[in-house]
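What follows is a set of notes on a single structure, which appears directly below.
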Amino acid sequence: MKTQFTPKTRKVAVIGTGFVGSSYAFSMVNQGIANELVLIDMNKEKAEGEARDINHGMPFATPMKIWAGDYKDCADADLAVITAGANQAPGETRLDLVEKNVKIFECIVKDIMNSGFDGIILVATNPVDILAHVTQKVSGLPNGRVIGSGTILDTARFRYLLSDYFEVDSRNVHAYIMGEHGDTEFPVWSHAQIGGVKLEHFINTAAIEKEPDMQHLFEQTRDAAYHIINRKGATYYGIAMGLVRITKAILDDENSILTVSALLEGQYGISDVYIGVPAIINKNGVRQIIELNLTPHEQQQLEHSASILKQTRDRAFV
């Protein structure tokens, strides 16, 4: 099996056409990133309906071939994006989904690989860190070619809330959320900047994490999914846009730094766990994990998050 590959047709296979999968497909068409997009779902009628609906808007978008297919269509895909699985219910944590979705994923990944697929797999289903690890184990693909969406959405939420608070363009806010995509995630205050200026200069204190407004912003970030689920039942637009961003970094060989779920192998002193960290993403998947110089408290938070993920993973998947 190759450790590197050259994109062939810019073909993407989407497994799961629920809220996230269909939103991802719609976003892909609007941004014109791929040439081919195949929608795969156990409910073939649903996949067919989504493909037809999106195709009818093609005169307003960049030309792209979209159809409802089967796992055999993964054979020559550059990227397989998995959004299928049980959804997070109100009051349910992402980790509560483990047992249900591990079983689903074992079947999905085997079907993808049995097609002859030899590209990159991007996992979006929760708990994403654990399911990315399951995907890597079952697929046998090189570590860097199995990526979880990780904390890309949490980081985007964090940057948006900071930009709203300080009244600046969110594209000029540089700050990361690391760790589990879930309750043990944490903000990397020590590297938060606005326009190249450290965040502490905007609030006149070095103890950012103790500043009430900043703590509230992080809590809003961490708990955002719960608030959205309680109001509309599910989150899908934001994560779909995040998945498209990762897709673009892969297909366009961008070498972009994004907070994805990647397998740590000694980085940050942690091994054998997929977790949200900044990483360089290009046509081969994860090119390199960026090791930030964390404060002792931030390092402790990352280790705690990794420990929780390992414990939960080991109970559900060995």
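Using the three backbone atoms N, Cα and C, a Cβ is placed for every residue, glycine included.
Features of the protein shown, as given by Swiss-Prot:
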- His181: active site, proton acceptor (ACT_SITE)
- Val20, Asp41, Lys46, Tyr71, Gly85, Ala86, Ala124, Thr125, Asn126, Ser149: NAD(+) binding site (BINDING)
- Gln88, Arg94, Asn126, Pro127, Val128, Asp129, Asp154, Thr155, Ala156, Arg157, Thr235: substrate binding site (BINDING)
- Arg159, His174: beta-D-fructose 1,6-bisphosphate binding site (BINDING)
- Tyr226: phosphotyrosine (MOD_RES)
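The recorded positions recorded for this entry are Asp154, Arg159, His181, Thr235, and the Cα of Thr235 lies nearest to that of Gly85 (NAD(+) binding site).
Here the candidates are the recorded positions Val128, His181, Tyr226, Thr235. The one whose C-alpha lies nearest to that of Arg159 (beta-D-fructose 1,6-bisphosphate binding site) is His181. Sequence-distant neighbours of Thr235 (substrate binding site) (same chain, six or more apart, CB under 8 Å from its CB) are Ala224, Ala225, Ile228, Ile229, listed in sequence order. Here the Cα atom of Ala156 (substrate binding site) is found 16 Å from that of the residue listed as 'phosphotyrosine'. When the alpha carbons of Val128 (substrate binding site) and Val20 (NAD(+) binding site) are compared, the span between them is 13 angstrom.
Put simply, His181 is the one of the recorded positions Val20, Ala124, His181, Tyr226 whose Cα lies nearest to the Cα of His174 (beta-D-fructose 1,6-bisphosphate binding site). Among the residues the record lists as binding NAD(+), namely Val20, Asp41, Lys46, Tyr71, Gly85, Ala86, Ala124, Thr125, Asn126, Ser149, the two farthest apart have Cα atoms separated by 24 Å. Of all the recorded positions listed here (Arg159, His174, His181), it is His174 whose C-beta has the fewest other C-beta atoms within 10 angstroms. For the pair Val20 (NAD(+) binding site) and Asp154 (substrate binding site), the C-alpha distance works out to 16 angstrom. There are 31 other CB atoms within 10 A of the CB of Val128 (substrate binding site), with all protein chains counted. According to its DSSP assignment, Asp154 (substrate binding site) is helical. Of all the recorded positions in the list Lys46, Asn126, Tyr226, the shortest Cα-Cα distance to the residue listed as 'active site, proton acceptor' is found for Asn126. According to DSSP, Val20 (NAD(+) binding site) is assigned to a helical segment.
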